[in-house]
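Taken verbatim from TrEMBL:
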{"type": "DOMAIN", "residues": "1-476", "note": "domain 'Major facilitator superfamily (MFS) profile'"}
{"type": "TRANSMEM", "residues": "5-23", "note": "transmembrane segment"}
{"type": "TRANSMEM", "residues": "35-54", "note": "transmembrane segment"}
{"type": "TRANSMEM", "residues": "66-83", "note": "transmembrane segment"}
{"type": "TRANSMEM", "residues": "95-115", "note": "transmembrane segment"}
{"type": "TRANSMEM", "residues": "136-153", "note": "transmembrane segment"}
{"type": "TRANSMEM", "residues": "173-191", "note": "transmembrane segment"}
{"type": "TRANSMEM", "residues": "232-251", "note": "transmembrane segment"}
{"type": "TRANSMEM", "residues": "271-292", "note": "transmembrane segment"}
{"type": "TRANSMEM", "residues": "304-323", "note": "transmembrane segment"}
{"type": "TRANSMEM", "residues": "388-410", "note": "transmembrane segment"}
{"type": "TRANSMEM", "residues": "422-446", "note": "transmembrane segment"}
{"type": "TRANSMEM", "residues": "452-472", "note": "transmembrane segment"}
């Protein structure tokens with residue numbers, strides 16, 4: 001299951017840097033606006049698929065949705081490798097391929113629900129942290145794999161018999177397809193259904209293909225599932241999870257336009273330096289995932305979630321512009337032969353997806369600074385680099401804490417009941433946040449500036465903290481709520 005989670009995130013990030021040049025090569029009619037749709041299609045596909053696969057896993061052996069979803073991802077990656085073959089509408093084939101890869105990634109809900117059902121309360125936080133760490137490592141290593149495949153070059157090797165071009169654009173997805181096939185084999189060979197109650201006693205489950213456990217252990221599940229799920233707590237965690245992923249998507253997306261406006265960086269410099277920063281933040285997140293497992297045993301998940309949100313709030317508060325110094329203004333008009341600035345549509349893309357959109361070095365010098373067309377540039381103080389770096393560190397610390405604690409609390413609130421559909425909705429809310437976050441940046445930041453953008457983000461996080469205070473006592477494990485276990489930081 002850890003491998004499945006890892007491959008799901010690799011499937012998203014392994015081609016993200018090469019989508020734009022590949023899209024331009026196969027379909028010259030495609031523009032940056034269409035690229036935004038291709039990037040978003042992954043999250044849209046995952047948002048649609050997550051509840052469906054979750055529902056499937058509630059009533060059938062989990063091996064079924066896991067194999068089918070992974071097979072869809074494999075097929076979608078193969079389709080991506082062949083989008084150059086049709087004579088027209090190639091960009092739409094790429095859009096379909098990326099949407100299907102996202103649809104296959106809906107198995108994240110099945111993975112989370114399996115882990116929730118296969119662990120006791122004391123094991124849950126550690127298992128969820130490991131899962132999130134595998135996901136984070138996948139996001140980090142995806143672009144690394146892509147970089148390695150650039151050694152093949154744009155020409156690569158062509159097998160005319162099967163119309164296959166193996167080059168720097170298709171090799172990553174074919175590698176992803178190979179990993180998917182290996183994953184399917186492992187699901188058949190190694191994966192087995194395993195279900196325990198909150199205290200770790202093995203239980204019967206509808207997911208078992210065989211007779212399951214017999215006797216006293218097998219009958220324990222019906223007794224332990226008596227009682228209703230606290231849907232107020234469920235909705236609250238879904239909202240909190242949406243906010244957590246929303247603010248991180250904003251943080252991830254705003255990096256390039258913010259640093260170009262504030263520090264007069266060229267696009268190439270912004271992508272390079274922010275790529276380094278985001279890589280460091282990714283490594284920081286993996287370390288936090290590991291540390292938070294031990295910390296949760298002492299303080300409990302609710303307190304850590306509260307602390308994580310506070311850290312995120314401070315991180316965005318630091319980004320508010322202070323002082324009197326204004327950013328350098330880009331007064332000159334953009335000539336026909338000059339390099340265009342980042343458009344609002346390009347803001348819909350993570351920083352590493354802009355890697356391959358760099359201008360050739362022999363072009364006219366790229367205009368830098370805060371463009372006068374953004375009226376707020378004339379009266380908004382500069383955000384100092386120290387503010388930006390400090391914010392990156394804090395958000396890189398707070399986000400993984402909130403991510404793990406949300407999943408852990410959610411699974412404990414649901415208890416021994418089947419969690420597939422509920423995990424599907426949680427995953428869908430996260431996917432929705434990753435779609436809306438960049439839209440927020442492109443609209444609010446571009447037209448109103450960083451002061452409004454970060455003030456609104458701070459307001460959203462404050463509302464989340466107030467909601468957490470209101471439902472704090474309800475965010476307890478199902479077994480604790482019904483008196484079957486005592487609360488020991490769970």
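Here the Cβ of each residue, glycine as well, is placed from N, Cα and C on the backbone.
Keep in mind that this is a model prediction, so the values were computed, not measured.
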In the same chain, residues at least 6 away from the ends of the transmembrane segment (232-251) whose Cβ sits under 8 Å of its Cβ atoms read 305, 309, 312, 315-316, 391, 395, 399, 402-403, 406-407, 409-410, 413-414, 422, 425-426, 429-430, 432-434, 436-438, 440-441, 453, 457, 460-461, 463-464, 467-468, 470-471, 474-475
Check your understanding: Is the transmembrane segment (173-191) close to the transmembrane segment (66-83), in the sense of at least 3 CB pairs under 8 angstroms with a sequence gap of 6 or more?
Key -> yes
Over the domain 'Major facilitator superfamily (MFS) profile' (1-476) the mean pLDDT stands at 81
Lying 6 or more residues past either end of the transmembrane segment (35-54) yet within Cβ distance under 8 Å of it, the residues of that chain are 12, 16, 19-20, 23, 65, 69, 91, 94-95, 98-110, 113, 345-346, 348-350, 353, 419-425, 427-428, 431-432, 434-435, 438
Counting only residues at least 6 beyond its ends, the same-chain positions whose CB falls under 8 A of a CB in the transmembrane segment (5-23) are 30, 32, 34-35, 38-39, 42, 70, 73, 77, 80, 91, 94, 98, 101-102, 104-105, 107-108, 111, 131, 134-143, 145-147, 150, 168-169, 172-173, 175-176, 179-180, 183, 350, 352-357
One stretch in 173-191, 271-292, 452-472 has more Cβ pairs under 8 Å to the transmembrane segment (388-410) than the rest, namely 271-292
